[in-house]
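A.B. asks: Annotation comment: TrEMBL describes 261-271 as compositional bias 'Polar residues'. The feature compositional bias 'Basic and acidic residues' is assigned by TrEMBL to 281-305. Residues or ranges marked as domain 'Metallo-beta-lactamase' by TrEMBL: 21-202. Among the features that TrEMBL reports, region 'Disordered' is placed at 255-305.
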């Protein structure tokens with residue numbers, strides 16, 4: 001387990017889960033502790049408890065926030081017995097209806113998951129929720145895109161954004177059926193916020209540039225998918241596009257951006273980005289699934305008039 005402390009109020013606990021760098025975050029507020037995501041096993045939270053004891057904070061009230069319902073973000077919930085767990089109402093609904101079946105599947109392949117007890121969020125919201133502690137204001141915002149229950153956690157006074165899987169390095173996964181364009185519009189809203197530090201659910205600590213990189217990627221995927229549907233081209237035509245096209249060029253000048261809108265960028269970048277050339281096989285698989293999701297969303301979207 002890698003432990004880093006990029007900010008006086010923030011400690012990150014990171015480890016590899018099925019090949020992906022996965023993060024649980026601990027926010028140290030004046031009168032309480034807040035844990036954002038709990039990974040896939042309760043034992044993963046042991047270093048977090050050790051950290052709290054070392055700092056003399058283990059007896060302070062503790063709140064858990066689940067960024068969304070996926071197993072690698074919620075199966076460690078049982079490491080915090082008695083602590084309130086907060087999530088979007090759709091997160092609880094997803095876990096109620098499908099959580100046990102997913103856990104059964106994983107237990108059939110790996111007996112480590114016998115230690116997992118499915119603990120559902122007990123406190124849910126629909127649009128926005130604010131927690132106050134002393135001079136700290138913690139904001140939770142429904143941010144559908146990766147999934148329909150995804151949320152963001154921000155500490156506006158410190159410029160911190162805990163993004164769950166809504167932002168990822170190198171790019172996010174599009175899983176919400178029918179949600180690609182909504183996701184893109186939501187990403188655009190982040191441009192108006194003062195954000196200095198971004199903590200993605202998967203990938204290293206980042207800055208606001210991750211927002212722009214993810215925005216460019218989702219925008220390109222959506223643009224290419226819409227174009228293919230408009231031309232009545234098959235899904236397979238998207239797989240023939242070089243992956244570098246979907247990454248922001250290193251030199252994306254204001255002159256190049258002139259005359260384009262946020263939702264309708266140039267259909268091809270001025271030059272291929274080197275970022276796309278170093279993708280792992282699992283990232284390329286995710287990219288292919290993203291293209292399929294966007295294509296289906298574009299195909300099913302109402303026709304433009």
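Placement of Cβ uses the backbone N, Cα and C atoms for every residue, glycine included.
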A.B. asks: Mean pLDDT over the domain 'Metallo-beta-lactamase' (21-202): what is the value?
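C.D. replies: So the average pLDDT across the domain 'Metallo-beta-lactamase' (21-202) works out to 97.
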A.B. asks: What counts of helix, strand and coil residues does DSSP assign across the compositional bias 'Basic and acidic residues' (281-305)?
C.D. replies: 20 helix, 0 strand, 5 coil
